[in-house]
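Listed in TrEMBL for this protein:
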DOMAIN    46-287  domain 'ABC transporter'
TRANSMEM  389-406  transmembrane segment
TRANSMEM  466-487  transmembrane segment
TRANSMEM  493-517  transmembrane segment
TRANSMEM  524-546  transmembrane segment
TRANSMEM  602-622  transmembrane segment
Amino acid sequence: MSASYDNPGFSNENGEVAISLDTLSAKTKASEGITYSWDKVNVFATSTQGCGKKKLTREKHILKDVTGICRPGELLAIMGASGAGKTTLLNVLTFRSDNALKVKLYINGRKVTSDLLTKSSAYVQQEDLFIGTFTVMEQLMFQANLRMERGFTQKQITARVEEVMQELSLTKCAKTLIGVPGRIKGISGGETKRLAFACELLTNPPLMFLDEPTSGLDSFMAQSVVQAMKTLADRGKTIISTIHQPSSEVFALFDRVLLMGEGRLAYLGQTQGAVSFFKGLGYTCPSTYNPADFFISTLAVNPEKEEECRAFVDSTCDTFASSSEGQAVGRSVQDNMQGGGTTNGWLGNENGKKSVSPYKVGWWQQFKAVLKRSVLANTREPMVLKTKVFQMIIVSLLLGVIYLDQEMTQEGISNINGALFLILTQISFSNTMGVVNTFCTELPIFLREHFNGMYRTDVYFISKNLAELPLTIFLPLLFVSIVYYMIGLYAPAENFFICAGLLILVANAAVSFGYMISCMARNLNIALAIAAPLLIPLMLFGGLFLNVDSIPVYFIWIRYISWFNYGNEALIINQYPALCAFTGEDVIEDLSFNKNNLGLDVGLLFVIIIGFRFIGFLLLLLKTKRKAVQQID
């Protein structure tokens, strides 16, 4: 077995895997480091105002010809006032921008692609997003199993996780749940931040990005985090971080600083050199003043002096661009662009395959890990399960009491038809509304892990489906077991099990519809807002409120995508196979159903189950598509 690319220390001269944990902890050699450069980065955002003929589309220039470079062993701080463009720049460098881009991004002389960046870098985002029902150890093991090379044994993976926990003082909370605010008590904010950092350190990547890593931390913890970043940089890593108002002690830990002003580059160089640069502009930083605060306030735009401030920022950016330091940055960037496609362990050979998979492990290993997490997430919140079971029991008992012991009279048949449709409606609404949060609430976590090259979209989607499947079988079965004989439905066991099977199919059709809505919506509030309005038309064309033959031709298509229609017809056919005051055929025909459609209804329920889930998968897949990055020559 061979590694997926020629990572130093990962294979011997015969091509066999010979992995040592020392590889992950060792200092990065200069020849193996990454120099990341960007030249004349431009970002445009479009906004639309008005509607119809008065609709106006405006384009805003967010980043303007921003150039920069970060070398191995450097800790670079990206700073600027609010709205200066520092987060936008970091999003560009990590291929996470939603805006139109025109860029030149190079790593060791090679044009950057999303796959290349995923393989060689780590990104610690500002928001710490985790599955709260996981323990710290489980979270790190999950990350390690999906992000470390296939050649590592489980023993080595565990050893690496324990090593990282030791380095970041997470050992004492290894078996503590991460927690969910307001629901599950978990680890502290500082421990959560360190856990986010630990997840990215597992594979010892040579290039790291961090978005305001000290946000929400006290001064001591902030300094500890940046000191850890500095230690990693001293080992030869290339580290780029945005940071907001660092203390003077924290600022002193950075090797270089990139200052942004109104979307332009105002300074890039040594931190001490920035003080001299601004002094040359006539702005001297007082000895008792925090240099970081001084730079930010100097480049900020005061609303009361907006034109004057903007003019100063433009002048500062122009001065730096024409200075010897600015020219040196430009030459360094050009040198890196012409590096000739340097080959190292992380990047592989430019003359090899054009597209290297960003995933470190195969489909099956991804599937096992994600499925296990999904199952644990469901089982570790027993209150949710208990609530669903309690709801099913109460509603089934209520319906059973209301429709208790119906007889096969004209009145009884009418009541039974109503009861069957209420059962259908209860199963549909409870299952749809119960899963609309499945994907939209975890979307930020999914996108982060997917873009980190941990698992494929289909792996995640299938795993979530299978994790929910036992509940979509058990709850309908529980419901029908209570209500069936209380109402006095057709007694033979065969018909009972057919009814139970039909309701399980109906439940899964409703779940499929809920998945589609969850994948469609941006957040839970939108999903909940659109679920009921979309369900009601499907229910109206289910055959109870409106006779099938009376449906207007322009609405007939709704009937064909409504599982209420197929489920109701199948339940009615199953209920009336024998003679009564009227024949069963009379009842079925009175509702404009066809007694021979039972098999067809079952088949179409399967089609709906698969169809809605497939649409949901496509919608989720669409959300993983990144904005096209235009690399300019």
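Note: Cβ is positioned from N, Cα and C throughout, glycine not excepted.
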Counting only CB pairs under 8 A, let me know which of 389-406, 493-517, 524-546, 602-622 has the most with the transmembrane segment (466-487). 389-406
Counting Cβ pairs closer than 8 Å, which of 389-406, 493-517, 524-546 has the most of them with the transmembrane segment (602-622)? 493-517
Residues sitting near the transmembrane segment (524-546): Cβ under 8 Å, six or more positions beyond its termini, same chain? 417-418, 421, 424-425, 428-429, 432-433, 436-437, 440-441, 513-514, 517-518, 555, 558-559, 561-565, 567-569, 572, 591-593
PLDDT averaged over the residues of the domain 'ABC transporter' (46-287): 86
